[in-house]
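Written out below as structure tokens is the structure these notes cover.
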Amino acid sequence: MFPVDEIIPEPEERTATGPLPPPCRDEEERVAALLGALDGQLDWPRVVDMARPWVDAVRKHPAPFWALESLLREYPITSSEGLALMRLAEALLRVPDMGTAVLLAADQLGRVRFGGEEKQSWMTQISGRILMLSRLLLAERETATLVQRLGMNTVVTAAVRAIALLGRQFVLGQDLAEARRRAADVRKRQPTLCYSYDMLGEGARNSADAARYAASYQAALQSLAMQPSSGGPEQRDGISIKLSALHPRYEEGQRRRLWVELLPKLEQLAETAARGRLNLTLDAEESDRLELQLDLWDAVQQKMARNPVSAGWNGFGIAVQAYQTRAAEVISEVLARARRNRSRLMLRLVKGAYWDTEIKRAQEMGLAGYPVFTHKHHTDISYAACAAQLLEQAVGPEALVYPQFATHNAATIAAVLQLAAASPGTRFEMQRLHGMGEGIYREVLRHSAIQSLRVYAPVGRYRDLLAYLVRRLLENGANTSFMHRLAEQRVAVDDLLANPLWRADDVALAAPRDIYGTLQGQIRPNSKGMDMTYANERNPVTAAALALRVPTLAESRPEEVDPLLRTLHAAQPRWDMVPVERRAEIMTNAADLLESRREALLALLLREAHKTLGDAVAELREAVDFCRYYAIQATALMRPETLPGPTGETNTLRLRGRGAFVCISPWNFPLAIFAGQVVAALVTGNSVAAKPAEQTVAIARAFVELLWEAGVPRDVVALVPGPGETVGAALVNHPLTTGVVFTGSTGVARHIYRSLAAKEGPIVPLIAETGGINAMIVDSTALVEQVVDAVIASAFRSAGQRCSALRLLCVQEEVVEEVLAMLGGAMQELTIGPAVDYATDVPPVIDAEAQAALLAQIARLEQGGARLLMRTAWPAEMQAMALTGSTEAGLVLQDDQRRDLHFVAPCIYAIDRIAQAREEIFGPVLQAVTWKADRLDALMDDLNALGFGLTIGVQTRIDGRAAHIAARSRCGNVYVNRNMIGAVVGLQPFGGEGLSGTGPKAGGPHYLLSMVAEQTVTINTTAAGGNAALLARAKM
């Protein structure tokens, strides 16, 4: 029996000041509190007086052509040129094949909008100046191979050199030895300059990545420890590390694993840094990892406080992002933990580099607000308040904290210096990024007595620079960025150095709940989500699920169908006469009830449907969205419409319900699809017989009861549980059934279609959404880490039990080995387990029958010549508890309620031809095939020949290629550079064609039309004699 003792784990370390506040809070309240904390501490006119000479000097001596400031001035990212440059920088160097590289360059540069002299000017700069400068600054061997491979096409050659040159501006060295050599050259001019080295790369996706990063960090510390220096961490170089690079599952759901697998690595790195008296800083990442970062840092700090090696070492640091709304509380917490541990620390204060990611995540998840400030000057206020908070604790040689202020903003630098001057004896340093802010700090050092300057210096191959470079370009190329505005001579200095403390707010960013604005003249709110990384939101749901016993409900009998449908048939005209506005109000009431009963419904989804918490929250939100979206659409759609006609005549088109609808829904989305079908039929004036899947009746029952409570009459909607072969057939074949909505397998849809066609009486429409052999096409321009993330989510989330799930991975042959190697490693990091455990990635399949069918399909794959490439290994504890009959592919164990759980291990099989993928495999089984770069159209022909047309994914940086695939594909949903699951109502209407369904798309503007009958009423208004209106006009 699976243990549940650790499913709601206690936090590894309790906070020293009490729980951190929730991530999303009222922004105006936070800003008011920060302004209160700063009251009287800053004299902004003095700040401007200090910073103005720096800005004037930088503008009088502009940076060279290849520096960031100049690039942003000549090619702003809001322009077509800047966007082309950024996209090329992100992708071109990693493309291994000449043909695709040329396509990418042509695609991006071909989109640049020029006219006349502008084109010659830009082309001259790219082809001439960049080539000249790159030859001067880059060793020929660094680009010769790429240039030779791409041929002598001038534009492509220039682009390769330009991007390699960009790399040299932002990367101090391709390895630590080169970086230290370049740093030594710089220190000949600035002897006191320190460096913090950052090993470039995306976060680890597997254990091999993590081991490589750990070894790189360890080697860097050992190398730096040998540098001749008598100082401590404040005077010596150090390194910055990303925890996401040290563990492929650095996320809250894997907390238990991290304390076993990641914490020892951190302790080892900290001990090495302590022996060398070096600075080791944990970089800040996304806000949903903040608690983990704090707890891991604290755990290491406690361990080092007891380690004799670290006596007198104060170099263990942490970075805090000022753009987070709880930055001040985080600093208080960090300082309190240091005080508790009797330790001192280094704290880097940054503004934050993931702003757009944080905003998108909050909107997608439907959070209560944003975890970051949405106005730049609010972040500036937060930075100043946090700086003041740190400087108070930084006085004297025994200070609790050594602040490290990372900024390129002249006003922020001046504000920090003013705050520090108010407390004599304060010790701190300033920091800048390599390749950025050199001009500003040149002037700062010339005109002020800052104690220390440290350069944050990326180290790594140029191809590893790509994601980092794009973040820097986006961060500093934004119109509000100081670096961007500094480069714009037309921005007045007073505007550049404007006081953030008194600045009026810009146009507010819509709250996550309000991002959809209005639909058909009505406000359409985003559904309420949950930040599952925040334990206070997550744990009550998990506790409710563990306590829940799923009720067993009696099935309907076939003989009960006739009286039930007669009741629904009789009630439908009365319901159809209810004004559509009232029906819509009832559906909106249902949406509100769904959100108010969230905890109980989520617990039911976890227990009965084996949904992970993330999937359950998404499904509940989808049900809410269906209720609100269809309510709004119905009120607009079903208003009578006056049509034109000759004088003396009125023509009116009106819609009404068809009658009694049968809605048959599946077990894989037992709430969302069930609700979507039923609500669409009800709001358009139909009565509904709703037959849920036999495996998930309790969820359906809960929703029907909720509809009754919301105001739907009990004789208008009925729950009809039972087997499809008997109860379902009786519903479909009944003469009073006027429409059928079905989601399920293609075979059952065919059977229903034949039954309806053979039935006497009126023709009954069928709306069917079935499955698909959904493909993802990956070319050599795609970032492999993003591909792996998308494949893992698309193929294995929900144990692959989604209609939209990825079934067929098509990878360009030049990158297939790299993709599959990283993907295979990532699969071994997946956690298989019961859905009630928040750590679970891959839950059980729905029942024994589903498991048996999947194992039979796997056997057929192998018999047909498919080759197993990789399979996720069972956790040791599951193997120990497995029941008899378990295999490498399938396993059965009992949960805490002694119910059998049936698992299928995620796996990938290689096939030679797309035609071998003959059937949908509804589980965590992925087939993979390669394709040649010059055979894209043949690939599309083969995919279309399968006959399915539900979803397709595209991973490419070539915009024209993505558009071409979308145009050639016969799929209803095309996803580019993202995963293929999670269609949102009203944003991505869902449904396919061919063997994948009849349409119209669920959650789209045309869906309700299939539920209604149209009636045109034409009235001769002159029947009683004469056309009064026309005669009156004639007498005018």
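Cβ coordinates come from backbone N, Cα and C, glycine included.
According to TrEMBL, the active site annotation covers E769, C803. What TrEMBL records for 68-170 is domain 'Proline dehydrogenase PutA'. Among the features that TrEMBL reports, domain 'Proline dehydrogenase' is placed at 189-485. Residues annotated as domain 'Aldehyde dehydrogenase' in TrEMBL: 548-1017. Taken from TrEMBL, the feature region 'Disordered' covers 1-22.
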(message) I'd like the number of other C-beta atoms within 10 A of the C-beta of E769 (active site), please.
(response) 27
(request) Ten-angstrom check, please: count other Cβ atoms within 10 Å of the Cβ of C803 (active site), all chains counted. (result) 27
(message) In whole Å, how far does the CA atom of E769 (active site) lie from that of C803 (active site)?
(response) 9
(request) Mind looking up the mean pLDDT for the domain 'Aldehyde dehydrogenase' (548-1017) in the predicted model? (result) 97
(request) State the three-class DSSP label for E769 (active site), counting H, G and I as helix, E and B as strand, and everything else as coil. (result) strand
